[in-house]
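Undergrad: According to TrEMBL:
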{"type": "COMPBIAS", "residues": "1-20", "note": "compositional bias 'Low complexity'"}
{"type": "REGION", "residues": "1-27", "note": "region 'Disordered'"}
{"type": "TRANSMEM", "residues": "43-61", "note": "transmembrane segment"}
{"type": "TRANSMEM", "residues": "73-92", "note": "transmembrane segment"}
{"type": "TRANSMEM", "residues": "99-118", "note": "transmembrane segment"}
{"type": "TRANSMEM", "residues": "197-217", "note": "transmembrane segment"}
{"type": "TRANSMEM", "residues": "261-284", "note": "transmembrane segment"}
{"type": "TRANSMEM", "residues": "290-312", "note": "transmembrane segment"}
{"type": "TRANSMEM", "residues": "404-421", "note": "transmembrane segment"}
{"type": "TRANSMEM", "residues": "441-462", "note": "transmembrane segment"}
{"type": "TRANSMEM", "residues": "474-495", "note": "transmembrane segment"}
{"type": "TRANSMEM", "residues": "515-535", "note": "transmembrane segment"}
{"type": "TRANSMEM", "residues": "542-558", "note": "transmembrane segment"}
{"type": "TRANSMEM", "residues": "578-595", "note": "transmembrane segment"}
Amino acid sequence: MTARTRTPPKTSRPTSAPRTKGALPIRQSDGIGWQSMPPRLRIALAVAAAGALFVSAGAIIGVDRTKSPPSFASAPLLVVLALLPIIAAAALTVLRRAVAAAGVLIGAALLAAGRALIDLQIVVDPLLAARPELFAITDVAKPPPGVGPWLLIAGHVAALVAGLLAAGRAGSAPGSPYAEEFDDASRADAMADRRPVAGWALAAAGVAALGLVTAPFGSDNAFVVGTGVLGGPALATVGTLLAAAAVLAGAAMAASAPRPGLSAGVLIGTAVAVLAIALPAVVAATTTRWLHVAWGPVAALVAALALLALAWRQLRVEPAGESDGAPSRPVTLDSARLHQTMSLLGLLTGAASLAAARSRLLVADAGIELPVNYSSRLLVPAGVVVGLLGLSQMGVKWAPIVRPALVVASAAVVLAGASALDTSLTALGTSDVVRPGSGTLLTAGALLLAAATACCGALAGGAERDDVDVSDRAVNGTLITPVTAAVVLAVGAFGAPILRAAGYTPPGLWSNFRLASWGLLVALAAVIAAAVLALASRPPRAAALLLGAATVVAVRALEPTLTSGRVAGATPGTGTWLSAACAGALVIAAVIALTKRRTADAEDNGE
């Protein structure tokens, strides 16, 4: 009997009362209100309330409302956004959903550090802050920061402290109703409850993170320029990157939460924090004459609303046999449907990649000549591989075997897409006469679809492993040598320059770290992870992992052939030869893994 077919044990706690259709269910496991919650969680709610008041006061006071007032009447909006987390947590507490309320505080706390650094930029150098919802500079005079920004920072620190207090069991006593929420005996239901939304949550978080790191608005005011993380001031850039990473961490935390209530709360807290960052920029751009709406904050808003919708779905989850006395049912996950979804996502990823490669990254007014789009050419081999592997997921027989290759190969799209977006965003940040073309949007879409494909594959793999005995799984000793060689070569393949030319320094991991470098980092991490996992995987899955990693490295090796025309006199660099060697080592390791499978089958048949 596996964890996915185990019947949840009955408890002595009273079942919840019947509910009417459409009402928010109060689950037996979530029937914990103010009186039953741990004292530390009560303190966390109080600290969060104080933090919300600090942020509200900072928004009302502003920076310098006499000489540099906000570009619009922003105080009411900012106050509402500041109070949303504590209002949501309080409402869930009243509904006796204490675990979900704690999740709201945790989700909001994840972005608090990044938001504090973003606001600290106002104190350090307000001329570079670009915060029209707080102050709008119209000349070179530097406004005094005053007490307003410090109140904002204090509020974020309080939110961070509240999240830390609410984390884990929040100091609850063993055996208490709150502590029982995290007992292992209830994890089977929780895993089944959260998995249908895990992939969508990660995909929405990816959209939100991408939207946060882009320019918040376009501007005709030379003193208020939204640059995003490319070319922005140091503190604001680091804070934005932390906030974007925190959104992804929030989705991952929600996907792995032990209870649906906690998962929903984390999604709510994360989504509300994203709204607090993105919504003021959108409102400022739509209400201020010299500002223009950018796509990034709009995408972040849509993603935040998607996270809220997923949270609502989690709040409505009620396993059979808890609230109405109905018999318990086996906890299952439809692996076939996950593979079908993965097939669709893989095909869409491949199609988006090929369409992006054929589209224009940039557009300009008539008479302006744009350079040849070399950087998008890598999307062709990456898209073809991912599309073909996605097609393989339609076959019931081959889908589970090929799935690991598709999960790893999706990193090739990230590798190629990051390079293309780097070219696009660099051009957009240095020239006012060019605009993003359809290729830029298609490339961003391909990246998001690749992430969704990988997440869906991870869920399908988890469902498969629950039905397989892995207790006696041993490391395949015959793979250690080629896998070790492949890992060492992979570090050089992605770390060494792929092209060499006079006066040219390509994006890298050790120097000239840019957006394209993130693609290199993701690809390297995928190759190393696949190689290490292959050591303890079943032979067919090990071969699939290794071949998927080989395709990622092969795409890297094709870069000089496809893109050398962008630099005069370019020749293949050290990274090219290391990539070819790494791909060869991975293929050899895959062949060894398959050979062991045939040897084992022969021994089983007595040959």
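Backbone N, Cα and C define each Cβ position, glycine as well.
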Undergrad: Going through 290-312, 404-421, 441-462, 474-495, 578-595 one by one, which has the most CB pairs that fall under 8 Å from the transmembrane segment (261-284)?
TA: 290-312
Undergrad: Relative to the transmembrane segment (73-92), which of 99-118, 441-462, 474-495 accounts for the most Cβ pairs at distances under 8 Å?
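TA: Comparing 99-118, 441-462, 474-495: 99-118 has the most Cβ pairs near the transmembrane segment (73-92).
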Undergrad: What residues elsewhere in the chain lie close to the transmembrane segment (578-595), defined as a C-beta under 8 angstroms and at least 6 residues from its ends?
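TA: Here the qualifying positions are 476, 478-479, 482-483, 485-486, 489-490, 492-494, 496, 498, 527, 531, 534, 539-540, 542-543, 546-547, 549-550, 553-554, 556-557.
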Undergrad: Using a Cβ cut-off under 8 Å, which residues of the same chain at least 6 positions beyond either end of the transmembrane segment (43-61) come close to it?
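TA: Hits for the transmembrane segment (43-61): 74-75, 78-79, 82-83, 85-86, 89-90, 93, 101-102, 105, 108, 134, 146-152, 154-159, 161-163, 165-166, 170.
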